[in-house]
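**Q** There's a structure below that I have some questions on.
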Amino acid sequence: MAVLQVLHIPDERLRKVAEPVKEVNAEIQRIVDDMFDTMYAEEGIGLAATQVDIHQRIIVIDVSENREEQLVLINPEMLEKDGETGIEEGCLSIPEQRALVPRAEKVKIRALDRDGKPFELEADGLLAICIQHEMDHLVGKLFIDYLSPLKQQRIRQKVEKLDRLRSRA
């Protein structure tokens, strides 16, 4: 298992549309394990494969306080959305920045688990928001895309400055 490098904006690889996973095999399971290691190391609650430069439809999520409720979504499909909500979202690809993003309050999805078995899931609250956020990554969309151009520019400038400071350290 390994911690992978998380891409940061303005990296254009974050805009790539992920391809469906053709077969859930040992290689995909290794990617899932590495993604969980990376997500936990970065103190995130969700990670899409796109964020670690793997352009396949794979998401890992754990919104639990004790980090013991791993959720794997391979080839996720949105079946239903209901209601309206929003929280200040953050993103491992947009470090130390947060913004209020409109989301559906409840979602119903279909996906494959880490063993390739299909399942459906209904979610609300933080889990529903996280699922929507990570599914956006699979189509090259970031939470800042929901913001005004001015807010997008300010966030990009802050992240670029932060990355410059980190690269000097």
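Residue numbers in this text run from 1 along the chain shown.
Using N, Cα and C of the backbone, Cβ positions are placed for all residues, glycine too.
Straight out of Swiss-Prot:
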- GLU134: active site (ACT_SITE)
- CYS91, HIS133, HIS137: Fe cation binding site (BINDING)
**Q** Specify the count of other C-beta atoms within 10 Å of the C-beta of HIS137 (Fe cation binding site).
**A** 25
**Q** List the other residues in this chain whose Cβ sits within 8 Å of the Cβ centroid of the Fe cation site residues CYS91, HIS133, HIS137, in sequence order.
**A** GLY46, ALA48, GLN51, GLU89, LEU92, SER93, GLU134, ASP136, LEU142, PHE143
**Q** Cβ-Cβ under 8 Å from HIS133 (Fe cation binding site), same chain, 6 or more residues apart: which ones?
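**A** Spatial neighbours, sequence-distant, of HIS133 (Fe cation binding site): GLY46, GLU89, CYS91, VAL101, ARG103, PHE143.
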**Q** Over all shown protein chains, what is the count of other CB atoms within 10 A of the CB belonging to GLU134 (active site)?
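**A** Its Cβ has 25 other Cβ atoms within 10 Å.
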